[in-house]
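The region 'Disordered' annotation in TrEMBL covers D:1-56. Residues or ranges marked as compositional bias 'Polar residues' by TrEMBL: D:45-56. Annotated substrate binding site per TrEMBL: D:Thr110, D:Asp184, D:Glu209, D:Lys239, D:Asp243, in sequence order. Here TrEMBL flags D:244-405 as domain 'S-adenosyl-L-homocysteine hydrolase NAD binding'. Residues annotated as NAD(+) binding site in TrEMBL: D:Gly275, D:Glu276, D:Val277, D:Gly278, D:Lys279, D:Gly280, D:Glu296, D:Asn399.
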Number of protein chains: 4
Amino acid sequence: MSFCQEEFNKLPTKTGPRPLSHSVSQLSADCFSSVGSVSSEDESPPQQKPQKTSKGLTDFCIKSIKQAAFGRKEIDIAQQGMPALMILRKRAGGEKPLAGAKVVGCTHITAQTAVLIETLAALGAQCRWAACNIFSTQNAVAAALAEGGISVFAWKGESEDDFLWCIDRCVAADSWEPNLILDDGGDLTQWIYKKYPSLFKKLKGIVEESVTGIYRLYQLSKAGKLCVPAMNVNDSVTKQKFDNIYCCKESILDGLKRTTDVMFGGKQVVVCGYGEVGKGCCAALKGLGAVIYVTEVDPICALQACMDGIRVITLSEVIRHADMVITCTGNKDVVTREHFDRMRSGCIVCNMGHSNTEIDLASLRTTELKWHRVRPQVDHIIWPDGKRVVLLAEGRLLNLSCSTVPSFVLSVTAATQALALIELYNAPAGRYKQDVYLLPKKMDEYVASLHLPMFDAHVTELTDEQAQYLGISKHGPFKPNYYR
Amino acid sequence: MSFCQEEFNKLPTKTGPRPLSHSVSQLSADCFSSVGSVSSEDESPPQQKPQKTSKGLTDFCIKSIKQAAFGRKEIDIAQQGMPALMILRKRAGGEKPLAGAKVVGCTHITAQTAVLIETLAALGAQCRWAACNIFSTQNAVAAALAEGGISVFAWKGESEDDFLWCIDRCVAADSWEPNLILDDGGDLTQWIYKKYPSLFKKLKGIVEESVTGIYRLYQLSKAGKLCVPAMNVNDSVTKQKFDNIYCCKESILDGLKRTTDVMFGGKQVVVCGYGEVGKGCCAALKGLGAVIYVTEVDPICALQACMDGIRVITLSEVIRHADMVITCTGNKDVVTREHFDRMRSGCIVCNMGHSNTEIDLASLRTTELKWHRVRPQVDHIIWPDGKRVVLLAEGRLLNLSCSTVPSFVLSVTAATQALALIELYNAPAGRYKQDVYLLPKKMDEYVASLHLPMFDAHVTELTDEQAQYLGISKHGPFKPNYYR
Amino acid sequence: MSFCQEEFNKLPTKTGPRPLSHSVSQLSADCFSSVGSVSSEDESPPQQKPQKTSKGLTDFCIKSIKQAAFGRKEIDIAQQGMPALMILRKRAGGEKPLAGAKVVGCTHITAQTAVLIETLAALGAQCRWAACNIFSTQNAVAAALAEGGISVFAWKGESEDDFLWCIDRCVAADSWEPNLILDDGGDLTQWIYKKYPSLFKKLKGIVEESVTGIYRLYQLSKAGKLCVPAMNVNDSVTKQKFDNIYCCKESILDGLKRTTDVMFGGKQVVVCGYGEVGKGCCAALKGLGAVIYVTEVDPICALQACMDGIRVITLSEVIRHADMVITCTGNKDVVTREHFDRMRSGCIVCNMGHSNTEIDLASLRTTELKWHRVRPQVDHIIWPDGKRVVLLAEGRLLNLSCSTVPSFVLSVTAATQALALIELYNAPAGRYKQDVYLLPKKMDEYVASLHLPMFDAHVTELTDEQAQYLGISKHGPFKPNYYR
Amino acid sequence: MSFCQEEFNKLPTKTGPRPLSHSVSQLSADCFSSVGSVSSEDESPPQQKPQKTSKGLTDFCIKSIKQAAFGRKEIDIAQQGMPALMILRKRAGGEKPLAGAKVVGCTHITAQTAVLIETLAALGAQCRWAACNIFSTQNAVAAALAEGGISVFAWKGESEDDFLWCIDRCVAADSWEPNLILDDGGDLTQWIYKKYPSLFKKLKGIVEESVTGIYRLYQLSKAGKLCVPAMNVNDSVTKQKFDNIYCCKESILDGLKRTTDVMFGGKQVVVCGYGEVGKGCCAALKGLGAVIYVTEVDPICALQACMDGIRVITLSEVIRHADMVITCTGNKDVVTREHFDRMRSGCIVCNMGHSNTEIDLASLRTTELKWHRVRPQVDHIIWPDGKRVVLLAEGRLLNLSCSTVPSFVLSVTAATQALALIELYNAPAGRYKQDVYLLPKKMDEYVASLHLPMFDAHVTELTDEQAQYLGISKHGPFKPNYYR
């Protein structure tokens, strides 16, 4: 093992959260589709059960190939909400910009990522795919992918060993040497870096979406050990200012309604954190007539909340009156036992933030409190005096667990990932060095433009005179890179 | 059969809809709770299956008494959202304003109506209850009611014969002569009127909630054949200006999300009708960033839509661009085949209005169109060229079929019903004649006041000087009866 | 003096306010036009200064005929915002539905009422006009009316004697016997009733807009002494649900900005009263990011505020935190010295309600408080410790004093007035008796329809089948009379 | 003249606009206070009219020292809206962080900048001040500053020669050598650079707010000729994400109402550009019920508009239906004659963008069109067929000309300027080199925190554990520098 590898190994498996970030792909993670999962699945380990597609393919490992038709239907529905990828397929036409590309991927396996994977294939890439989360795989979708010829290794409910086995099967295969990585979380990258260092050095590039994965890559780059160019999709404008806001705006009401049937009108809701996620949640809640309070650490975000007509207050001050508490901070222990003890009966507590640390659950696991599972994802925690607090998804992400995320919002990130792969694969030598890059502004703009037809939106074209006056090209980029 | 009965019999079983009305109880009808129904129920006819409560009671007929514990949990949850009824129980205290009352009821049987029924019982009434709809009974709730000592005769999936059998069992029982009717739809009233005319004449009063039932009562009154006073709950201020608006505002997004996972941001939505229901839908949709168009027949409502920033346009003009069409008119054939033929692929069509007539479904039952059930309550209708239109709940009420209605909104109507019964039962002789009455304004205000603590709302009390200045009592009513 | 006259005389000159009402015409009263008034006016009494129009007419009494050109310009601008009246002029065409009508009017004299008066003239009526308020006359507009041939008797700053003199000059003129009254406040009606009883009895009708005037008419009717039919314009749907809401929504921000340049974002604003006026104010304030609290006496309105996401609280509880207090109650002494004493420095207090009684000004006229006029309509009231409270318009109506009201909103009421006159003048004998009438629903709808073209709004026409299904005419009325 | 000077001279006097920027100080420029200007001012040139303050000072040149009391009142009002500067004054206490600083300033001279200037003085600085705009000086405020001991050289209506004379008098004075520049537009900087190069080199720093000035500084820096550190206040987060949005949100309605009394409800408004300014305008307009369309060049901003529920369309497509057109692009010729020719009569056109180039006025200066000045800042342009288009402020910035900007919004930028001066003056040698700097994130956060008490906002303090978890200091900065 090289020194380089050792370095990577030192990276924490679970790095600390970054306050600003919020991975949409994690959000959408295993969002159960509205159909829900077929319940009576065969429970034998997929590894021990060789399966065959209708065309006789066997190079995959999933729960059950029989679910393929159902999964295909879900993929079809998702396609209708992901116009950009469909346009990319059409535009490429005979050209195949990824011809020769061998993409190894590790993402959530959902109808939406299936659309991405099949787009890469349509553009000429060979793909092998694993899941980045042991719970989030939609088995029917995995089946449809396999039936469609993608070598998928993933199922819902993998063990940790299964997880790595699947990744390894994606990387190591006969007559297959991947030249591109599409990663969400950095586990695949780390695996190749550690186990297949020579392969790692030959890569044409890495595309990474998650905060955690990006953090690892920057650390590696700082240490001078990143041997290939990497694209940071997480910090693109469209991710930060589009996905993070609208994804939460669209899903917060849904997640709360599906679990609790709660009425929003007139309810006093505390939103902890007024970053992109908090802003999205507040916008939606305001639309249905909730009375909103925000807690904030950062005075700039606090000032924005004020100007937007929201009272900024500490959680301790407002907790007695709260009907709901929604955490969106990326921080830990934002809601503590002390807060819980002062809540009114019936208060609903949930998390829309980065990880499952925001609510101090440990403090609720004490003998005097009774936990009562009243519905899936819904626990009543009962105090000795009869007070009940309603905890959703055990403090995990609400929209990951209890709502769906519109395909369209995911489409923006997926299109960015596809373009990042195309860019890395086709870039002339020297354009990208061994570093972490943001996607060029112009590509951000291109991704956005691919989504406008969905809205019948017509952008205005600059005249030559106007472009000259502004000192920019008629075709963009229209803003400096730092503009958000 | 008396002349009086004949008269009643002439009334249409299905009266035409009234454009202004929208029965919340119908809305909430069989709104499936978030828990959903237990699927593997015994299918034998309840009539043939004698059951016993834990206390040995047998005077009821439901699906399965075993579901009582589960139903009780749902009733407990509902209670928390229905503060007014709980306050009524407390305030009555030892007093029992319904002591001696014998209430026969016919309503949807849901967790929320269970809270109402048990409140009547707590106030001293004896109750026997049937369902007003053959599909809407929550079996577990019926079980909990039976276990609690209420004589319930109802189950999900009754036949038409079952339906009348259940009603009859509620009316006719040994040593039981009802003196009050609580009806939703008028079927129970009609049954007693027809079958038990002598009993009918001895009633102390009827409380009716539905548009249809009210229409029947007014017809009867007009014909001089209403022998008892009746309370019209449907046209109370709180029903019209509270339930109808907020119920729809709370449920439209939910119903669409649960069925289609649709994104609302930027979607072009046509709302047909800008009455209370349309106004509620538009408010919610606007909050999530939809682009809204309204169609209207009435120039006054049209002008309101304009001033609220919504374009008023005919459906034909806008249909090509619509991503969703939501009917809220109470009218028939609002969306016709001609409109369907011009929709874009993927357009979602659903109904929030009065009945299932708003969308001309018959025109879609033609051979060239394929219907494809993709999810429960969701059909894709496929044109020969591949275009798909998404039809929800087969044109029935969306929030009846695909979403839940907050208990709190239902609480307002339920409290009004309870008060109406108390008023009729305790009114001094002569206060009410053989006519249809609106609840006195002051009681409307009282119902509203019972719901304010839920919001920590503090009303201001008039000083003596102010009351005198305004020429009203310090304790209300604060507005004339016609004020809305 | 007949008994009948005595009765009328008993009516209070200043009747108590009605909590629900809010006269738009009063609102718009002397709203200074954006141009402001020409300041260096001749101060000699107009009565002593005979003037002549360019055509030699002399039958009028105004400040200065020289301002006619300027006033004409303002009338032209107003016309553009009053489409309904302009359409009425066109539709009448050669027909002249008011040919032979002799209308004596007493209203605010503004550019908007000028459009109304000239419309009546265009429809064939002869008109003589006085002002209903001694301060509200726009002199330039009066000049333009006179120059156009209307006999106007009004100027800004009349004395009480002038006021009655002007009214009398309108009623009594050679070869002139009015047959219709258009009144705002009832002063003209009372004058004719008292002074010219025989003339009063010959009238074809009275159209009255104000709460006070309506109150007087109903009293008269109740006493059996109303000898002519009268139309109550104040309680038409369009007035209550259109003018009252949108007029305030459009003018509250304007009035506050013009006087104080205040920022709304994040400001804590207490709106006293959540009737139509309060609802309009809250909607506007919310749009600019204010944090709103409502005080209410009526639990129904309080519940609406709650559901709309507004905290309902007593003024005493919230006063310490208020940045602004806006009264919209129609009540008296809503803001008292006790509240003032507890306000923070800089708090702005103003009135959007019915009269100038809502703020207890008397309590502020004490020696320890200094009043400091910092700008027109803006007083700083200074406490001994240096605290300053900002009082606007000395507690009079803010939008009457400090903002303008859009012509379009006034157009709705003006068109209703014109139609009411036409209806009374042309109604077949017997249609109207000696009573107070609401305008028929259908005419309300007609007025609304005349305003839709302004918004390019296209209403949908019912098919014959639909009209039959609904049991109404294709052409309306579409709603029952009581519908609001 | 050195080479260095030559370089600076080459810089265009009027540099091209930058698309992203929007100077709030320009916005607030000569926003007339609500009081308006005293009209009957002495017209003799101030230079020839020696004046004295009540304390006998003469080192200033303004319109009339007699207006000092009135100006002081305006400054007092402004202070109440600028809490941060007042806190800075208090916090500094005896410390005087600017003791020894000699600040030469060139900004708009308004009540708000007066608060800034007097704050600098209170912190120990000596100040001499000129106006950055020949029209924007509030003479009364200048008088109050002079009376307070500031050497001000500015009046409303300077000639170009006056303008430079004033600047020169600020720089060159006996026993005075400025060591800090506070500039808005770069004219002062350029003057010193050119005329007093040796003085320029000795400066401790420059603080510049405007886009144009920043552009000049970057050019100079690029050319290696910036000899002193400069602070770019324009691109601070608070400026971009706070001022630019909320300033426009607060002033767009005001500017339109004061000039045209227009109603917003239901009006079809085209906002050209959906950057910060456009976003602010749209938010306000939506709040009052306008129907909004956006035109955009940049697909990212276009996508944001879509998701916010606004139709994105080209101006040509929508122009026929527009009731108002508001430009917010920073571009030129956004509204052209071709658009004007297709507007409906009554359409209002105004500019909220960067400069006066957005509307192609030249194309309207043709003989067939009549211009008619109907009110100050309001022209009707009349087509041969009688069509009128309403042009505001002759295409100059609406909020600069026709509305006021809340002191509070300006306070944020002013506080940033003060802190930038303090930082540059007190920074240890070597912290800042000869370059253009953004204010450190932490100072942005500090400025924001100074404004929170105005809203009673309470930020939450991180615990030690939380700060460690996030990897940041408890006291900020809380976000990376690039976060917006």
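Backbone N, Cα and C define each Cβ position, glycine as well.
Each of the binding-site residues D:Glu209, D:Asp243, D:Val277, D:Lys279, D:Gly280, D:Glu296 was checked for a CB under 8 angstroms from a CB of chain A; the ones meeting this are D:Glu296. The average pLDDT computed over the domain 'S-adenosyl-L-homocysteine hydrolase NAD binding' (D:244-405) stands at 94. DSSP states for the compositional bias 'Polar residues' (D:45-56), grouped as helix (H, G, I), strand (E, B) and coil, give 3 helix, 0 strand, 9 coil.
Long-range neighbours of the compositional bias 'Polar residues' (D:45-56) within the same chain, counting only residues 6 or more positions beyond its ends whose Cβ lies under 8 Å from a Cβ of the stretch, are 62-65, 68, 146-147, 149, 155, 162, 165. For D:Gly278 (NAD(+) binding site), the spatially nearest entry among the binding-site residues D:Thr110, D:Glu209, D:Asp243 is D:Asp243, judged by CA separation. A simple Cβ count within 10 Å picks out one of the binding-site residues D:Gly275, D:Gly278, D:Gly280 as the most packed, and that one is D:Gly278. Remark: of the binding-site residues D:Asp184, D:Asp243, D:Glu276, the most isolated position is D:Glu276 (fewest other Cβ atoms within 10 Å of its Cβ). With a 10 A radius on its CB, D:Lys239 (substrate binding site) counts 26 other CB atoms from all the protein chains. Within the set of binding-site residues D:Thr110, D:Glu209, D:Asp243, the entry lying nearest in space to D:Gly280 (NAD(+) binding site) is D:Asp243 (CA atoms). Separating the Cα atoms of D:Asn399 (NAD(+) binding site) and D:Thr110 (substrate binding site) is a whole-number distance of 14 Å. On the backbone, the CA of D:Thr110 (substrate binding site) and the CA of D:Val277 (NAD(+) binding site) stand 22 Å apart. Each residue contributes its Cα atom, and for D:Lys239 (substrate binding site) and D:Glu276 (NAD(+) binding site) these two points are 10 Å apart. Cα to Cα, D:Asp243 (substrate binding site) and D:Glu276 (NAD(+) binding site) are separated by 9 Å.
The DSSP secondary structure for D:Thr110 (substrate binding site) is coil. With the fewest other Cβ atoms inside 10 Å of its Cβ, the least crowded of the binding-site residues D:Thr110, D:Val277, D:Lys279, D:Glu296 in this structure is D:Lys279.
The secondary structure of D:Glu296 (NAD(+) binding site), as reduced to three states from DSSP, is coil rather than helix or strand.
Straight-line distance linking the Cα atoms of D:Val277 (NAD(+) binding site) and D:Asp184 (substrate binding site), rounded to a whole number, equals 20 Å.
Counting Cβ atoms from all protein chains shown, D:Asn399 (NAD(+) binding site) has 27 others lying within 10 Å of its own Cβ. Counting every protein chain shown, 29 other Cβ atoms lie within 10 Å of the Cβ of D:Glu209 (substrate binding site). D:Gly275 (NAD(+) binding site) sits 19 Å from D:Glu209 (substrate binding site), taking the Cα positions as reference.
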